[in-house]
């Protein structure tokens, strides 16, 4: 089995092949995201602690977190799931994935070093790979350089040098995201003001409608009362007429 070991602190990654089954037994029956001591791999790994981050079986199917089996299953996957990239909007597909439990049928096991041991591993912990790009978000630039809210972030952007043959060397900087500027604050104030105006307008319209509704209800009530009074007058008139006719007879 091959072990793909990475060390985030230096940005290095190394692929080693382990033929001895006894060295690998410490990883068997362990689940993804489990932290395991790497001492059985050899003397140089003494004190190292690694986390199982994934792997692939001999046919190339990836391990999927949350699938509690050491075999292969077919799952209906959609956008947002691991082990699947949709090609169309809303597309779902049934894909074969391997469970999150490690066994001997894996060809590659991915490990991340959580704690460094006593000795350096050549090509993994003794050298550093510089990051190609610096942080882009304002809060992350502040965190990197330990800046306060009063400091200007724009002066601390990590610029990337661009060199071309026969041309003057220049640098390129990313556009800072979530940067709070007077313009952003102005837009925010405008949004809040517009929201207040909309709320007030809705309130005024609701009050006006309630007033109109009360007026219409009052008019309808008066109309109904007039009709009832008219009906009563007519019925009393008819009653008096019938009485007078009967008395004449």
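For all residues, glycine too, the Cβ spot is worked out from N, Cα and C.
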Open item on the list: Looking at 188-218, 219-249, which stretch does Swiss-Prot describe as region 'Disordered'?
Closed with: 219-249
Open item on the list: Is it possible to list how many residues within the region 'Disordered' (219-249) are helical, extended or coil according to DSSP?
Closed with: 30 helix, 0 strand, 1 coil
TODO: Can you tell which of 236, 247 has the least company, meaning the fewest other C-beta atoms within 10 angstroms of its C-beta, among these modified residues?
DONE: 247
TODO: Pop the Cα-Cα gap between residue 240 (phosphoserine) and residue 247 (phosphoserine) into the table, whole Å please.
DONE: 11
